[in-house]
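Scroll down for the structure; my scribbles are underneath it.
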Amino acid sequence: MSIDCNVVENVRYSRVLLKVSGEALAGERGFGFDQDVIGKLSCDLKKVRESGVELCIVVGGGNIFRGSSTSFGFERASNDYVGMLATMINALALQNSLEDMGIASRVLSAIPMTAVCETYIRRRAIRHLEKGRVVICAAGIGSPFFTTDTAAVLRSIEMRCDAIFKGTQVDGVYSSDPKKDCSATRYDKISYHDLLASDLKIMDAAAVSLARENSIPIIVFDLGKENAFSEVMKGRGTFTTISG
């Protein structure tokens, strides 16, 4: 597979957080990793990092474990902890792919796992960013009942990021699920208030409310498209901006 990993130019931000859903890493397989997807994503991340942008990533785990609190007879807290461990698997896989491309990265876990990665400490994470390393945050915020979207917003606030980029399987925020409703319309922009009032499910309410309180814009885009992240970083392509 030949991938163009040339440096992207004219980016609009200096430090950003990318939220990568687990489902996006699975590609069309729907479960586990799609190696081509991870390789293309890593190449895209390399372009952005080498353009001078400091980059933090929060990974989900839905490609490995997803289900309601009763899916496997687990109580909700246990269910969430299993999901946190799934994010660690994704984080280590992404780190390996990045370092194969020569991009220094560090995995920081909200749950101590000292045999495989560093424990998340805010000042340490910022220091890694300042040294040019990609910071990959795993295990959510380390507590059950909070989604990885909420973790992404929290980490972006802690690390003073300019914006949050949410890479999913759809190219923005729609009035309804575009996979189920062919008449769904996509928004170029939508306010935090309207997103919450319309009960649109692109992110949970806690995450959106936290972003609103701290005035951090959220850009939703389709991570599966070629060079999607680096293009959106330049304001190109199809995406939705949540702000105001």
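Including glycine, each Cβ sits where the backbone N, Cα and C put it.
Sequence annotations record features per position, and here Swiss-Prot assigns ATP binding site to Lys19, Val20, Ser21, Gly22, Gly62, Arg66, Thr168, Gln169, Tyr174, Asp177 based on sequence analysis. Taken from Swiss-Prot, the feature UMP binding site covers Gly61, Asp80, Ile141, Gly142, Ser143, Pro144, Phe145, Phe146, Thr147, Thr148. If you look up Swiss-Prot, you'll see 27-32 marked as region 'Involved in allosteric activation by GTP', on the strength of sequence analysis.
For the pair Thr147 (UMP binding site) and Gly62 (ATP binding site), the Cα-Cα distance reads 11 Å. Taking a C-beta cut-off of under 8 angstroms and a sequence separation of 6 or more, Ser21 (ATP binding site) has the following same-chain neighbours: Gly60, Gly62, Lys166, Gly167, Thr168, Gln169, Leu223. With respect to their backbone Cα atoms, Ser143 (UMP binding site) and Lys19 (ATP binding site) stand 18 Å from each other. Here the binding-site residues are Gly61, Gly62; the one with the fewest Cβ atoms within 10 Å of its Cβ is Gly62. Those residues noted as binding UMP (Gly61, Asp80, Ile141, Gly142, Ser143, Pro144, Phe145, Phe146, Thr147, Thr148) have their most widely separated CA atoms at a distance of 15 Å.
Spread of the ATP binding residues is 23 Å (greatest Cα-Cα distance among Lys19, Val20, Ser21, Gly22, Gly62, Arg66, Thr168, Gln169, Tyr174, Asp177).
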